[in-house]
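What TrEMBL says about this one:
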BINDING   A:V62, A:F63, A:Q64  FAD binding site
BINDING   A:C222, A:C225, A:C237  [2Fe-2S] cluster binding site
DOMAIN    A:1-95  domain 'FAD-binding FR-type'
Amino acid sequence: MFQIIDKKDLAPSIKQFVVDAPLVAQKARPGQFIILRIKEGGERIPLTIADYDTQKGTITIVFQEVGKTTKELGTLKAGDYLADFVGPLGKAVEFSNHKKVLGIGGGLGVAPLYPKLKMLHENGAEVISIIGAKTADMLIMEEEIKAVSDKTYVCTDDGSKGRHGFVTVVLKELLEQGEKFDEIIIIGPPILMKIGTEIAKPYNIPIMVSLNPIMIDGTGMCGGCRVTVGGETKFVCVDGPAFDGSKVDFDELMKRLQTYTSEEKLALDKYHSERGACKCHQ
Amino acid sequence: MPSINRSKTKTPMPSQDAKLRSKNFNEVALGYTEEDAINEAQRCLNCKKPSCMEGCPVQVQIPRFIKHIAEKNFESAISVIKETNSLPAVCGRVCPQEEQCEQKCVLAKRGDPVGIGRLERFAADWERQQGVKIPDRANPIGKKVAIIGSGPAGLTCAGDLAKLGYDVTVFEAFHEPGGVLIYGIPEFRLPKEIVKQEVDFLKKLGVNVQTDMVMGKVLTVDDIFEKGYEAVFIGTGAGLPKFMKIPGENYLGVYSANEFLTRINLMKAYKFPETDTPVKVGKKVAVVGGGNVAMDSARSALRMGAEEVYIVYRRSESEMPARKEEFEHAKEEGIIFKFLTNPTRIIGDEKGWVKGLECIQMELGEPDASGRRRPVPIKGSEFTLDMDTVVIAIGTGPNPLLIEATEGLKLNKYGYIETDEDGRTSKEGVWAGGDIVTGSATVILAMGAGKKAAQSIHEYLQGK
Ligand SMILES: Cc1cc2nc3c(=O)[nH]c(=O)nc-3n(C[C@H](O)[C@H](O)[C@H](O)COP(=O)(O)OP(=O)(O)OC[C@H]3O[C@@H](n4cnc5c(N)ncnc54)[C@H](O)[C@@H]3O)c2cc1C
Ligand SMILES: Cc1cc2nc3c(=O)[nH]c(=O)nc-3n(C[C@H](O)[C@H](O)[C@H](O)COP(=O)(O)OP(=O)(O)OC[C@H]3O[C@@H](n4cnc5c(N)ncnc54)[C@H](O)[C@@H]3O)c2cc1C
Ligand code: SF4
Ligand code: SF4
Ligand code: FES
Ligand SMILES: [Mg+2]
């Protein structure tokens, strides 16, 4: 059992937990993720390691309540326990001597972007960041990102904060202005990573994306997380989650993410009706 | 003296009706009653030179235990079995007996062999019903041994070392111990309660089982030594799924057998939405392959509500590696077999879902390296089967996750760990056994490897 030692609401339906997991914290590196299970009978879901503290033995996760499991997760409080918390999984990202980097985070993608930018910043690289969300109150980790960036652009889809529009608009501008980077990191919903990659590709700058297919084990034994990268089948949980964006078949990834849409709806409806029927939550 | 039963056929195994069972996940074979068992035991001739034992990889004292059953002395029967086999409830159910002990039984020349597996299962189930006695804990030796992986190889090695007094810790990647016995072999063939009880037995022997530990990631083998362990046994299995590398394998509705079975067994998708993990099983399902894994996938698909389930296998019936009983059961349940058929392409619809499987007809040519006649495609014989789910069960390879994180392990050309006869690897203090050494094999061979390694680790640590 793994104890949640701190809980914070970052935005409506976006929550942050600090979880006591000393062994995981000892090995965690930027780019890696964990898989958790709330309780017996629960499903295994992957979440990025948004931060870690080796000394305290803790892992920070940030999640958005999108379906049954993440909504149930959101009802847990500091002091509660998770049945399983497995990691660190996936390959850690490595940067070779980067001098200037552009980091782009859309929506929840800001959370997995943070540890990478933090590492680059600590290594002395110049970090430019573009972060965005649908609305101002959905924007997360702005202070953290600013603390590790030399310059930060903030965008919202509805214009309620910062630039009005998508993060990719700023990306396009910077590239058109002739800004040069050693690498561009784009993390967010697959459609954002796809469009961002298409914009950046002609500039011949390495593009790193972080993929989020449906996973179970996270150890390479089921093949459910497979994606096509450069014409080859890769298992994201062991070969990734970071890949060269210019080689990823995003359309396939987006289709595969739809596999269980009807079951996910069923699970959520059942969850809501059970909670509705339960007196203590009325 | 017990009387002798001269019947040429095995005492029938009571089992769930095929129609009924193809809709539920309860165990298919129900097990012998006491009378059935005694009746079957009386068929054994108690041979002076029991050839049956040559067929058993762990040399179960077959005539001795069967004689005890014939004499209604079930307690002695199970203790004889347990001298050499620590998981009889499992082996009695899943050993390919027709290629092992029973194949070598003298009676097999003139009719059915003695139902050795069924009797072994009976004795083990009888013991469980009585409540298994926990042996006294051995005096602690004060030396720590780590086991990586909790499949039959790891569990057997752990149990043997614990009985000798070692302080044993099993590290398992999944949230539940048992390996393939938990995530692969379905409930209707091996109830998970049995595996749980075997693990509980080990815990009572003092074995410490740590789940959620993906070794190589959370701890390396060298970290384990630094924590004061003096020997390590690697039993991580052959869990890497193989795909066919044909077009269309990433369409929605195409599963590796590992994923399909893990969702259903380990994650209990057959209880969805009571449990949270879904699985998608269409009306028409094709399973590609001819081994136990293919049979288990096909029969699971049927139980999940599929209307037509096909097994597509590129060789013929006689080359099929599945246990005979599973093949028989699958046929009884209505699984449709397409022999000498090989998929060439998976066809999808505009949304990316599978809608068909294009196959080519095969014929048998010259024998290949395995001695089996090689299937060769018949030109121009392509045809398409309409399908909405495809499960690929064509075998597995070694998972490189732990291996890549371990320095100094010698591997063979297929990526499996190289060991000597006792399971010793090229790395000091490290043993390995089971599927990670042999490639996908059987439960009993994995157990045998775990046993040998335990003995060898004991010798090594005594000398230290
Ligand atoms: C490597 C990786 C890192 C991730 N990091 C984060 C993170 O830091 N924060 C965050 O909020 N989300 C993250 N996700 C996504 C997160 O795992 C899903 O949002 C979550 O599993 C949804 O579960 P649910 O039951 O609440 O929703 P559901 O209603 O069950 O699913 C909603 C959508 O989430 C996706 N999804 C469902 N099940 C899984 C699964 N087992 N694995 C992956 N995706 C699934 C599907 O696209 C589905 O349509 C990550 C995913 C991956 C693969
Ligand atoms: C569906 C199916 C049906 C089968 N049917 C039969 C049958 O009827 N009869 C028969 O005799 N055999 C059968 N087999 C084969 C048999 O199950 C295997 O040969 C046997 O389980 C191998 O045992 P093992 O201990 O080597 O490995 P496994 O049982 O594979 O166990 C390995 C364990 O190690 C864990 N692991 C892997 N990597 C790590 C890591 N890095 N860190 C920690 N833990 C790790 C895995 O999670 C797993 O729990 C079947 C196999 C399958 C898949
Ligand atoms: S362990 Fe397997 S091979 Fe040996 S006697 Fe029992 S069923 Fe037969
Ligand atoms: S060979 Fe057959 S008859 Fe002879 S002892 Fe073995 S099981 Fe009995
Ligand atoms: S999640 Fe199973 S192989 Fe990646
Ligand atoms: Mg879900």
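Cβ atoms are placed via backbone N, Cα and C, with glycine included.
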DSSP-derived helix, strand and coil totals, residue by residue, for the domain 'FAD-binding FR-type' (A:1-95): 13 helix, 44 strand, 38 coil
Neighbours of A:V62, A:F63, A:Q64 excl. site residues, C-beta within 8 Å of centre, FAD: A:L10, A:I14, A:K15, A:Q16, A:L47, A:I61, A:E65, A:T70, A:L108, A:A111
Taking each of A:V62, A:F63, A:Q64, A:C222, A:C225, A:C237 in turn, which of these binding-site residues have a Cβ less than 8 Å away from a Cβ in chain B? A:C222
Its Cβ having more other Cβ atoms within 10 Å than any other among the binding-site residues A:V62, A:C222, the winner is A:C222
Would you mind reading off the Cα separation of A:C222 ([2Fe-2S] cluster binding site) from A:F63 (FAD binding site), to the nearest angstrom? 24
Under a threshold of 6 Å between Cβ and any atom of ligand 1, which of the binding-site residues A:F63, A:Q64, A:C222, A:C225, A:C237 are retained? A:F63, A:Q64
Lowest 10 Å Cβ neighbour count of the binding-site residues A:F63, A:C237 is held by A:F63
Rounding to whole Å, the Cα atoms of A:F63 (FAD binding site) and A:C225 ([2Fe-2S] cluster binding site) are apart by 19
Near ligand 5, which of the binding-site residues show up if the criterion is a Cβ under 6 Å from one of its atoms? Options: A:V62, A:F63, A:Q64. none
Determine the mean pLDDT over the domain 'FAD-binding FR-type' (A:1-95), rounding to the nearest whole number. 95
Have a look around A:Q64 (FAD binding site) and count the other CB atoms within 10 A of its CB, chains all included. 20
As a whole number of Å, the Cα atom of A:C225 ([2Fe-2S] cluster binding site) is distant from the Cα atom of A:Q64 (FAD binding site) by 20
